[in-house]
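Comments concern the structure below.
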Ligand code: ADP
């Protein structure tokens, strides 16, 4: 677009642009205080030289403001049975997860069924009585107060969903009431009324958290509409108040897809923001407009993209945000997630508050322990764990295969996967807690069949997928049972670790060579793991006689502890017991059983402390072919809460101290 200025006269086109923007501003549904600012910007804009850089920046800014869904919302479909049906149809198992989600929705539904209670505060009797009469007829539960003092007393005694108050009153005024409500009931909406239709007090009221502003003389329809909006707004925020759902678990366990189903069940739009590796606060909260190329942050941008102010917004990998010199992304997130503050979230680019209280935030994390504490405090953690082989097989049969058949265009002659073929894919072509690769492998097979049909190499008949057909399409197996196929050795003990992709097995190797008692540690061990190794060595040295090791042996050797797969960083205290066993095996020269895996933190006195991720570790042990898993006695509660069939195929032994398990591992 090009503009010309002749004799300082503003070109016709520009006038049209300005008028169009003015119209868009008034139709955008922005709250009055934002409209005020937008109009001021428009005023500045109208005086700018079209060839200046500022002109384009301001134009983009105003267009961005008017494009936001300020008051556009979808209405919630609060039907618990429907939600349950959607979750069950789309997701296999995950009973605990689904129950927690349904409970969450039930609270919301219960709160929505009550008649909202309204407090009317006005010192003019006529207005008070009028409003009371009209609102009672609308089925609201109405209580009135004739002045601020009485209103404060009532607010002390009871809770109201909506407060409708005059601003200007003798003594205690509307602002004092607003302040009290905000401090006591964060979810109560306050609508302010005043005869002094000064924009200043409206702006002030909204800034301090009022929901809406009505100027006297008002039409009763206007009040009714405002109350209806306040009620709807309250409902859409109920489930986010106080607790934000955090789905925690390894990749591919269904976190994102369940989030999407929740949105569908509620009839809301869905959007996702990946937070992994975000360092710069501006990515969340936007750049100030003074920067060249300034942009709004991802939260506001996603909301704009969905076109509504109340989507389900999934924030992925909240445990992976980093903190560095470019501000603190976590604190920006905190502000977005905090129901006490997010009704006036400030994006630096927008520079005006945007109400995020209607957004239902769901966050996901691989390891919740890594989430910053301030954020964690506001979340209700729902754990997604890895799947057993049986569960994976059922998900493949009921969901993944039908989905891939449809996607690859094989609906008319669907390939028929046998149970053995699916198990072969799970065991020999994937090694994961979730089912992402399983889905990928099934997709590959379906795609190859589709290609052959198209090329004419295959008839349009349903193919039976047997283990042999799997091997034909996917090539030689990629994974082996590391443990079942390995030989027992001296100084090599199997351990279990918990990583962000689920549980995994490790082999701790210990070797000795002539030297002076030095300890060498290799294999990308983190500090905590290094300390565990030192503690394990000290423990074995100081208790050598108990294990039949002569004390002076240690002085003559250097000891090397290595954990293979050196490229993968490893840390955490849970390898302490495994390292100690590797050392005992080494110095007693007894073979260690490969198919026994240990996890547990070791103290210097040989006691074993509980560790995290037990369920994931047991799944990993089963995947690797481990027969016996030894875990700390104090982790018994984790085992007791697991379903019986989960423990099929592995023996679980509890230990209180290292001495308990020597003969279980060493031959
Ligand atoms: P995450 O977000 O945990 O990484 P996704 O939701 O992306 O996992 O899931 C990966 C794939 O697995 C998706 O296609 C999803 O539909 C499927 N999936 C995962 N869990 C289940 C389940 N319990 N039932 C049906 N499909 C599932």
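Cβ atoms are placed via backbone N, Cα and C, with glycine included.
Over in TrEMBL, the protein carries these features:
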ACT_SITE  574  active site
ACT_SITE  617  active site
DOMAIN    117-231  domain 'Response regulatory'
DOMAIN    487-667  domain 'Lon proteolytic'
MOD_RES   166  4-aspartylphosphate
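Recorded features from TrEMBL, shown on the structure.
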residue	record	DSSP class
166	4-aspartylphosphate	strand
574	active site	helix
617	active site	helix
Around residue 166 (4-aspartylphosphate), which residues of its chain at least 6 apart sit with Cβ under 8 Å of its Cβ?
121, 122, 123, 124, 127, 174, 192, 193, 194
Among all the protein chains here, how many other CB atoms are within 10 A of the CB of residue 574 (active site)?
28
Residue 617 (active site), number of other Cβ atoms within 10 Å:
28
About how far apart, in whole Å, are the alpha carbons (Cα) of residue 617 (active site) and residue 574 (active site)?
11
Just give the helix, strand and coil counts over the domain 'Response regulatory' (117-231), going by DSSP.
55 helix, 25 strand, 35 coil
